[in-house]
Amino acid sequence: MGFLKLLSTSLATLAVVNAGKLLTANDGDEVVPSSYIVVMNDGVSTAQFETHRNWAANVHARTRSLKGGESGPGKHFDINGMKGYSASFDDRTVKDIASDPTVKYVEPDMVVNATANVVQRNAPSWGLSRISSKKSGATDYVYDSTAGEGIVIYGVDTGIDIGHADFGGRAEWGTNTADNDDTDGNGHGTHTASTAAGSKFGVAKKASVVAVKVLGADGSGTNSQVIAGMDWAVKDSKSRGATGKSVMNMSLGGAYSRAMNDAAANVVRSGVFLSVAAGNEAQDASNSSPASAPNVCTIAASTNSDGSASFTNFGSVVDLYAPGKDITAAYPGGGSKTLSGTSMAAPHVAGAAAYLMALEGVTSDKACARIVELAISSISSAPSGTTSKLLYNGINAQ
C-alpha cells in the first residue's frame with residue numbers, strides 16, 4: 001500500500017534508560033547502526049546549542065579510535081525552538097552525550113521504507129467527487145474557484161515530478177535530505193502531491209507545491225532525514241511570509257518515535273498545518289509516529305462505499321477519514337496511477353486545508369478543527385473508538 005513506514009516487527013513504545021534521556025529501540029526495530037537523534041532541552045539558546053555541538057565533536061574525537069567509522073555530529077535542526085541534530089557516535093560517546101544536562105533525550109535513528117503499493121489498472125478515481133457531496137455516488141467534484149490559491153503545500157515524501165502537466169507550473173523543488181538526485185524515482189511523492197493540488201486529480205487546484213525529498217527512489221530513508229526536511233520546510237514557510245498559510249503533507253510514518261512526534265508538534269506550533277497518514281497496519285494509530293503526535297491531523301482511509309478500509313489504522317488519535325482506496329493521481333513521466341493506502345487519504349485533507357485557508361481565511365492552527373467540523377458522519381464500519389467522520393469540503397452539493 002502507499003503508506004511509507006518505518007520497517008519494524010514491533011511498534012512497542014521505546015524503553016527509557018539512563019535517567020530517562022537515552023532511549024533504546026526494541027528488538028526488531030531497524031535502527032541505523034551507531035546513528036542517533038539528539039534533542040536539546042526546551043529553552044536552550046543558540047549559543048548553548050553551538051557550545052554543546054562543539055563539545056560533542058570533541059568528545060567524539062577522543063573516543064572514535066575505539067571503534068572507528070563514526071562521523072560525529074551531523075545535520076542540525078531548529079523547528080520552532082526544538083533544537084537538535086543527527087549524529088554518528090560510538091557507544092561510549094553517546095552515553096557521554098546523554099549525560100549532558102542541556103540534552104533532553106537521545107534516540108536511535110531508524111530506517112524508513114515504503115510499503116508495496118496496491119495498483120488497480122485503469123480504475124476510476126472517486127475521491128474528489130466524494131469529498132464535495134454529502135451522499136456517496138456523486139460523479140462531479142464541486143468546489144469554489146479560489147481552489148487553494150495563495151497557499152503553499154509542502155510534500156514531505158520521495159520528491160515530486162515538478163514538470164508533470166498536472167501541476168501546471170505550480171510545483172517547485174525545495175530541498176533534498178535523502179540523496180543527490182533531485183527527482184522522484186519512486187512515484188509516491190508525485191502521486192500524493194497530485195492528490196493534494198493537481199490541476200486534474202487534486203483538491204486544491206491553484207495551490208503552490210514544494211517538493212521536500214526525504215526518501216530515496218527505493219522509498220528508504222531515516223527519521224533524521226525526515227526531520228531535516230520538516231525543519232527546512234518550516235524555515236522556508238517563514239521566509240515566504242506564509243506562516244499560517246502553509247500546509248505540510250506527510251504520507252509516511254512508522255514505529256513510535258519521540259523525536260518524530262516532537263518535531264511534528266513543533267511544525268504545527270510554527271504555523272504549518274500538518275496532515276499525516278494514520279498507517280496501513282490495521283492497528284491502533286497511537287503506536288505510530290507521526291500519526292500519534294499532538295495537534296497533527298491524522299487521517300484514516302475510506303472506501304468508495306463509505307467503509308473503513310481493511311488496511312487502515314484506527315483509534316482515538318484519528319481525526320477523520322478521507323478517500324484512500326483506489327485513488328488515481330499523477331505519476332512520474334507524465335502519466336497517472338491508481339494506488340491505495342492512508343498515504344492517499346492524507347493529501348485529500350492537505351488539499352482541503354489549503355482550500356479552506358484560501359476560501360475562508362482559516363489559519364493553519366484552526367484548519368484541522370474546521371475540517372472536522374465540516375466532515376460528515378458517513379463511515380459505517382469504523383472500529384470501536386474511532387470517529388465516523390468523513391472529509392467534506394463544505395460546498396452545497398448533493
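All positions are counted from 1 along the displayed chain.
Glycine is no exception: its Cβ is also placed from the backbone N, Cα and C atoms.
What Swiss-Prot records for this protein:
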type	residues	note
SIGNAL	1-19	signal peptide
DOMAIN	35-113	domain 'Inhibitor I9'
REGION	124-134	region 'IgE-binding'
DOMAIN	125-398	domain 'Peptidase S8'
ACT_SITE	Asp157	active site, charge relay system
REGION	163-170	region 'IgE-binding'
ACT_SITE	His188	active site, charge relay system
REGION	227-245	region 'IgE-binding'
SITE	Asn280	site 'Important for catalytic activity'
REGION	310-318	region 'IgE-binding'
ACT_SITE	Ser343	active site, charge relay system
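Overlay of Swiss-Prot annotations on the structure.
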residue	record	CB count, 10 Å
Asp157	active site, charge relay system	32
His188	active site, charge relay system	30
Asn280	site 'Important for catalytic activity'	27
Ser343	active site, charge relay system	35
Of the recorded positions His188, Asn280, Ser343, which sits closest to Asp157 (active site, charge relay system) by Cα distance?
His188
Could you tell me which three-state DSSP class His188 (active site, charge relay system) falls into?
helix
Where does Ser343 (active site, charge relay system) sit in the DSSP three-state scheme?
helix
Between 0 and 100, where does the mean pLDDT of the domain 'Peptidase S8' (125-398) sit?
95
Residue pair Asn280 (site 'Important for catalytic activity'), Ser343 (active site, charge relay system) - Cα distance, angstrom, rounded:
9
Per-state residue totals over the region 'IgE-binding' (163-170) - DSSP helix, strand, coil:
3 helix, 0 strand, 5 coil
Length of the line joining the Cα atoms of Ser343 (active site, charge relay system) and His188 (active site, charge relay system), in Å:
9
Asn280 (site 'Important for catalytic activity') - helix vs strand vs coil (DSSP):
coil
For Asp157 (active site, charge relay system), the three-state class that DSSP assigns:
strand
